[in-house]
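J.: The structure under discussion is supplied below as structure tokens; questions concerning it will follow.
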Amino acid sequence: MNQTAINRADVRTRFIFDDMPVRGLHVRLENVWQHIVKQKNYPAAIRRALGELLAAGVLLSGNLKNEGTLIVQVQGRGRLKMLVAEAASDRTVRATARWDETAEIADDESLGDLLGEGGVFVLTLQPKDGEPWQGVVPLEGGGIAQMLVNYMKRSEQLDTHIVLSASDEAAGGLLVQRLPEEVLDEEAWEHVSTLARTLTAEELAGLDAQHVLYRLFHETPPRVFEPETFEFSCTCSRGKVSDMLLMLGGEEVGGVVVEQGSIEVDCDFCHSKYVFDETDVNALFGEDVVGVAKGLPRHTVQ
């Protein structure tokens with residue numbers, strides 16, 4: 001089901017410095033973020049990390065050159081199993097998390113403590129046409145922002161500074177980066193990145209791009225481009241669930257229907273529920289897979 005929450009305040013703003021080869025992006029997500037956190041009862045520490053990852057995904061998707069979706073994931077073996085955020089070229093987003101809901105999680109717990117040992121960062125580019133590309137690296141850094149800076153330094157060899165923040169009201173992010181194949185005086189880059197470091201989490205979550213950029217760079221103001229509006233949209237559908245069931249096979253699916261009466265699949269992102277009863281399953285496979293699971297002779301169905 002395609003669910004959409006539109007908010008004019010949910011924007012990404014690009015900017016560039018004309019007097020130095022540095023570009024940047026600012027993002028602030030308000031209603032979109034509140035729509036996401038209402039889907040589940042997230043512990044505060046996980047909610048904060050998910051908001052930061054969502055803002056990061058929107059920032060990084062600004063570099064998409066073709067139509068498609070950028071997916072950023074953090075995976076672990078601890079109490080937090082996964083964070084995932086998706087940002088598409090049509091400026092739609094969705095995000096969710098999976099964790100051990102029986103575990104105690106303090107409000108101030110770090111991402112590293114939640115993920116445990118063996119955590120990885122996964123970035124996937126899923127083009128509309130063509131083969132997907134995926135990069136997987138061990139988690140490095142104390143939080144999502146530093147993890148992404150390390151990843152981009154390794155993969156793109158570009159100096160980058162990222163600030164991320166998430167509160168109950170909004171998720172925000174700021175990225176400044178050297179332009180590729182351009183020479184930049186080290187002192188100039190240090191000046192820009194030092195100014196970016198002075199931005200507080202409260203300012204990032206609470207201020208729009210105009211106020212953030214003035215607060216940081218009023219002495220050397222960048223050129224600011226037209227804001228791009230984002231919205232929540234989930235790409236789940238009954239057809240995609242049907243494809244998943246077909247991959248599982250008639251024997252397994254028929255067996256589940258015999259045991260449970262039907263198959264129910266809930267979307268992690270938007271909580272849409274898809275129910276397949278005996279008639280649905282048999283029609284999907286084109287034969288009486290439920291009857292076969294009961295020990296009856298195999299036969300096709302119309």
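Note: Cβ is positioned from N, Cα and C throughout, glycine not excepted.
Residues or ranges marked as disulfide bond in Swiss-Prot: Cys234-Cys236, Cys267-Cys270.
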J.: In Å, rounded, how far does the Cα of Cys270 (disulfide bond) sit from the Cα of Cys234 (disulfide bond)?
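T.: Per the Cα atoms, Cys270 (disulfide bond) and Cys234 (disulfide bond) stand 6 Å apart.
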J.: Quick check for the class: what is the C-alpha distance, in angstrom and rounded, between Cys236 (disulfide bond) and Cys267 (disulfide bond)?
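T.: Distance between the two Cα atoms comes out at 7 Å.
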J.: Please classify the secondary structure at Cys236 (disulfide bond) using three-state DSSP.
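T.: For Cys236 (disulfide bond) - judged by DSSP and reduced to three states - the answer is coil.
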J.: Any idea what the Cα distance is from Cys234 (disulfide bond) over to Cys267 (disulfide bond), rounded to a whole Å?
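T.: One finds 9 Å between the Cα atoms of these residues.
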J.: Kindly assign Cys267 (disulfide bond) to one of the three DSSP-derived states: helix, strand or coil.
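T.: Its secondary structure by DSSP: coil.
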J.: Which number gives the other C-beta atoms within 10 angstroms of the C-beta of Cys236 (disulfide bond), all protein chains shown included?
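T.: For Cys236 (disulfide bond), the count of other Cβ atoms within 10 Å is 20.
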